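J.: Please find one structure pasted underneath; my questions will follow.
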Amino acid sequence: MSRIEKMSILGVRSFGIEDKDKQIISFFSPLTILVGPNGAGKTTIIECLKYICTGDFPPGTKGNTFVHDPKVAQETDVRAQIRLQFRDVNGEMVAVHRSMLCSQKNKKTEFKTLEGVITRMKHGEKVSLSSKCAEIDREMISCLGVSKSVLNNVIFCHQEDSNWPLSEGKALKQKFDEIFSATRYIKALDTLRQVRQTQGQKVKECQTELKYLKQNKEKACEIRDQITSKEAQLASSQEIVRSYEDELEPLKNRLKEIEHNLSKIMKLDNEIKALESRKKQMEKDNSELEQKMEKVFQGTDEQLNDLYHNHQRTVREKERRLVDCQRELEKLNKEARLLNQEKAELLVEQGRLQLQADRHQEHIRARDSLIQSLATHLELDGFERGPFSERQIKNFHELVKERQEREAKTASQLLSDLTDKEALKQRQLDELRDRKSGLGRTIELKTEILTKKQSELRHVRSELQQLEGSSDRILELDQELTKAERELSKAEKNSSIETLKAEVMSLQNEKADLDRSLRKLDQEMEQLNHHTTTRTQMEMLTKDKTDKDEQIRKIKSRHSDELTSLLGYFPNKKQLEDWLHSKSKEINQTRDRLAKLNKELASAEQNKNHINNELKKKEEQLSSYEDKLFDVCGSQDLESDLGRLKEEIEKSSKQRAMLAGATAVYSQFITQLTDENQSCCPVCQRVFQTEAELQEVISDLQSKLRLAPDKLKSTESELKKKERRRDEMLGLVPVRQSIIDLKEKEIPELRNRLQSVNRDIQRLKNDIEEQETLLGTIMPEEESAKVCLTDVTIMERFQMELKDVERKIAQQAAKLQGVDLDRTVQQVNQEKQEKQHRLDTVTSKIELNRKLIQDQQEQIQHLKSKTNELKSEKLQIATNLQRRQQMEEQSVELSTEVQSLNREIKDAKEQISPLETALEKLQQEKEELIHRKHTSNKMAQDKINDIKEKVKNIHGYMKDIENYIQDGKDDYKKQKETELNGVAVQLNECEKHREKINKDMGTMRQDIDTQKIQERWLQDNLTLRKRRDELKEVEEEPKQHLKEMGQMQVLQMKNEHQKLEENIDTIKRNHSLALGRQKGYEDEILHFKKELREPQFRDAEEKYREMMIVMRTTELVNKDLDIYYKTLDQAIMKFHSMKMEEINKIIRDLWRSTYRGQDIEYIEIRSDADENVSASDKRRNYNYRVVMLKGDTALDMRGRCSAGQKVLASLIIRLALAETFCLNCGILALDEPTTNLDRENIESLAHALVEIIKSRSQQRNFQLLVITHDEDFVELLGRSEYVEKFYRVKKNMDQCSEIVKCSISSLGSYVH
């Protein structure tokens, strides 16, 4: 069941156009109440609901006045939008919004409806659909589960149309017809009647058409006979053509065999020439290989192979030893890297520790500086100079703590004093506010009471004014009542209702007899039609059997020769399918072999490309390695260059050591010669003869001592360069080995693999060509058989259908046995028409009499209603005159109360003004106290926080200093320096070991290079011997080919080939003549077939058969239509009566529980329907009226009831219609339901609505929407347990409507 959840309104009527003016209302279940004064916008909410659901605008507007007026908004364009969120009949959430645009154009406004959008949840995601208005209307009706007429007239009925149940007859009939959907069913009956007439005309047309179709069918049979004759002549001609073709086939096969042998001889001759060319090339290659070799090995093949294998073992052993050295070198390189890494880490750690030591000293200096600064700020003695001891620092902290406590106490005392003063001011303010609020509540309460009293006073005065002149009206009513009673008595006396009813009863009996007679005639007609259909079907089935026999014969003659040549016999469908399956299997196997070969070929091609790429890559790599070796060494002889470089390094190292020691020796010699006063040489002990000679030696030594550091530096620089170059050359040792491997092993192996792959590719191409030839032979055979399979399948289907036709012929023949057909269809039809004419006459008389009865009853009822209305009006005026004195006293009392309330409100307003002045003064004094308190507190807190921050910084530095000392960072620093020295010693020893291994590896590589040259010589000897063996094989093959050609008798085959070509040409000429005759027969057959394909002859027999079936079935359809018309008409009557009974029961219960008057017991809806039970030309009509019953008297309410009774009756009828027709939609909106109701009926209506809500409370989707201005009515509804909140609709300062949610308990305190 559908229900509405939420709606937003923007720019409609008095609702504002800005986003801030958008109003949103959520609908409660089971009851939503909207309260507000006139003009607040309550009815606009119902109009919006109706528009969003149906697309219809309120009465009296085409849309432009429905949108907020552009002139009021002072805008050129005003956009309005309504959004609704609801659940459809399936419980799924749906959102829809409609938009409108109103534009001000000169002196008029233009209105336009914009595209709407429907949004649904699908698979957890929102799916939006933009639609035109008509599509949205249909979708909304589908989602809500009720028709558009129920939405307009029952659920969302506008206030102006709320009394439609008591409108005039034509309008009331239209609305009830729409609600009951009677119009649609009446149109359906009209359509059935029109279809029946159309079908009757169609039967006549079919009879005329059958005559012409029979002539075309006979002419088509004649053309088919001619085609059969020509096809026989064509078959004979085709037999002659096939005989020529059979004679030609063996000659062609022999010719093909001879041509095959001749091509084989040519192929052998070409092979002999190719072998001679290959022999010459091989002899040339062997000669070139012998010239390239220094000498040829003279021993046996076995000796050569043994020598080659032994040589390979020696080379492999040396290579293994070289690999071991390489591994050892890599191990040492790894160890050196680890030591270098460890050395780097120790250096980093040493730097980090030194940085921490420097930072430790900085922290001590910063701490002492902060202590001096804070002591100066706080005026503490004894802390003018650092560094400070632990005792001084502890004393400093105690003094600072004492100072902080003293400052905090002073600030707290000041804050407490100011807070007390602020509290005093606040108490004074609260007292004045309470007095002001009391006066304000008094004014609000008395203003509300004043409003109610003024409203009651206006109501009382209005009623008094209406009572003027009531006495004269009573006299007029007495006269009218006497006249009405006299007319009623006369009408009852002249009535002939009983006589007419008796006549209607007699006519109905006669009508029943006629109906029975017509049913018997229908049964007889059906039996006659059934036998006629059987004979027609018998003829058509016999013709169908002949056609199928002919089709089977044609298919067999068409494919007999072809299938016999393929299988040896004419197969059935299963045999042909089995043969095709085996042939298809053979084709698939051939295709699989072909695909496998293609795959192998693609793989070989890919392998070839891979080898080519690898070979190119290896050659490029070899070139790169050689360039790299040349760039570093200047030649390809790495070992010699490396040896020379090592000798130079050793020489430079000795020179560096000598220069390093010379400095100390020269210094010692100079000291001995100068300080010790020795006159002899420190080396040779020769005595210097003179002082000048001594000074010359000393000067020479000092000169050498000065030059020694520069020479040492230059030597060390040169030594480092040579060592770097040596390291680079050592790094190229693996590159040199890679060059050797590429030249002697990897590149030759790749070239051998490439030759092998080329041979495999050529073999695969030959195999693929052979399989493709085989596939080209068997596939045409399969295609030919597949073409035949379709016709063979059709033939078997024709054979099955032929058996079915024969069975049906037997069945129809059995049906016609023993049938008496003396009475014709025309005789029965004539009798039926006579009976039908009499039935129509009787029916017309019944209807006429019923109309007379109804007219007399309505006249009498009208007079009774008029009499009752006059009595009721007279009684009402008398009652009102009795209440006049009471109402005058009430008017005086209300006027006195209104004046008293005005005085009291004025006095209270005068007392409020001095209180407001005192409140402003106290509020200003309080704010000044708060400002002083905040300023004083902030200054004290800033001073305390400053001291705390400085103490916190001192503590931070002290903690860092303590952590450094406790962690023992000084000892740890010394430990890391010792470890660094040890790693340097290990690194030096590792370097010496690496130099030794590099030297050994150089020697091994030189030995391996020498062995490789010997290995290449042995390989060339092996290759030469293998080529000599292949040359012997090539010399033998041409001899065998010449021997094979001698056995084929070439000359005799050429002569036979010429004779066969001459015989084949002769047979082909005769074959062409036979084909010409065959073409003539085929042209004649095509001409007849073309004539047979002309519109009048194409499918002439089938058209005749179909037209016969159409005519017979149309007659049967016409009869079914008449039966269906009657059944539908009776179903409409039954549905209408059931629904009216259900609606009247609900109306009766609601009226008795709601209406408090005694003049009307209950009300109900009366509907009168015309009796049409056959497919005649008349339509059924329903005439509706609302009547009120008092005892046995029923009077039309229209024109006889009061305004209050009219409102209550209309409301109850809508409630009943909603409960009956809104099974899928539990929504109902009531707009101002208490209009024109007195207090007693308002209370009973509230009680009835509460009972309805109570009975539907278990229905989760039931929603009642009540809009009213009567707060007493809302209060009555609020006493139930179903209302906690309601909405109040009012105008804001901009005169735009607002919707405010309120509690039901706030009703008594609201001020308008």
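All positions are counted from 1 along the displayed chain.
Each Cβ is built from the backbone N, Cα and C atoms, and glycine gets one as well.
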J.: Where Swiss-Prot marks phosphoserine, which residue is it, choosing among S416, S635, S699, S1280?
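T.: With Swiss-Prot as the source, phosphoserine is noted for S635.
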J.: Test of record reading: of T43, T564, T690, T824, which one does Swiss-Prot tag as phosphothreonine?
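T.: With Swiss-Prot as the source, phosphothreonine is noted for T690.
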J.: Suppose you had to name the range Swiss-Prot annotates as coiled coil; which of 706-734, 967-995 would you pick?
T.: 706-734
J.: Of the ranges 53-85, 1010-1042, 1043-1075, 1076-1108, which one does Swiss-Prot list as coiled coil?
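T.: That would be 1043-1075, the stretch labelled coiled coil in Swiss-Prot.
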J.: Need one residue: from R13, R98, R193, the one Swiss-Prot lists with N38, G39, G41, K42, T43, T44, V67, D69, Q159 for ATP.
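T.: Record check against Swiss-Prot: ATP site with N38, G39, G41, K42, T43, T44, V67, D69, Q159, extra candidate from R13, R98, R193 is R13.
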J.: For T44 (ATP binding site) and C681 (Zn(2+) binding site), determine the Cα separation and express it in whole Å.
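T.: Here the two Cα atoms lie 134 Å apart.
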J.: Starting from the Cβ of R13 (ATP binding site), draw a 10 Å sphere and report how many other Cβ atoms land inside it.
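T.: By my count, 21.
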J.: Restricting to the domain 'Zinc-hook' (635-734), what is the model's mean pLDDT?
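T.: The average pLDDT of the model in the domain 'Zinc-hook' (635-734) works out to 71.
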J.: At the level of the C-alpha atoms, what whole-angstrom distance separates D69 (ATP binding site) and Q159 (Mg(2+) binding site)?
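T.: That separation, Cα to Cα, works out to 22 Å.
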J.: Looking at the recorded positions R13, G39, K42, Q159, K959, which has the shortest Cα distance to C681 (Zn(2+) binding site)?
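T.: Among R13, G39, K42, Q159, K959, K959.
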J.: Give me the CA-CA distance between Q159 (Mg(2+) binding site) and T690 (phosphothreonine), in Å, as a whole number.
T.: 150
J.: If you draw a 10 Å sphere on the Cβ of K42 (ATP binding site), how many other Cβ atoms land inside?
T.: 24
J.: Just the number: how many Å between the Cα atoms of K42 (ATP binding site) and K959 (N6-acetyllysine)?
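T.: That comes out at 76 Å between the alpha carbons.
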J.: Quick one: give me the count of other CB atoms within 10 A of the CB of D69 (ATP binding site).
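T.: Result for D69 (ATP binding site): 16 other Cβ atoms within 10 Å.
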J.: If I take the Cα of R13 (ATP binding site) as reference, which of the recorded positions T43, T690, K959 has the closest Cα?
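T.: Answer for the nearest of the recorded positions: T43.
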J.: Return the maximum Cα to Cα distance in Å (whole number) over the record's ATP-binding residues: R13, N38, G39, G41, K42, T43, T44, V67, D69, Q159.
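T.: Binding-site diameter by Cα atoms for ATP: 22 Å.
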J.: If you run the three-state DSSP split on K42 (ATP binding site), which class comes out?
T.: helix
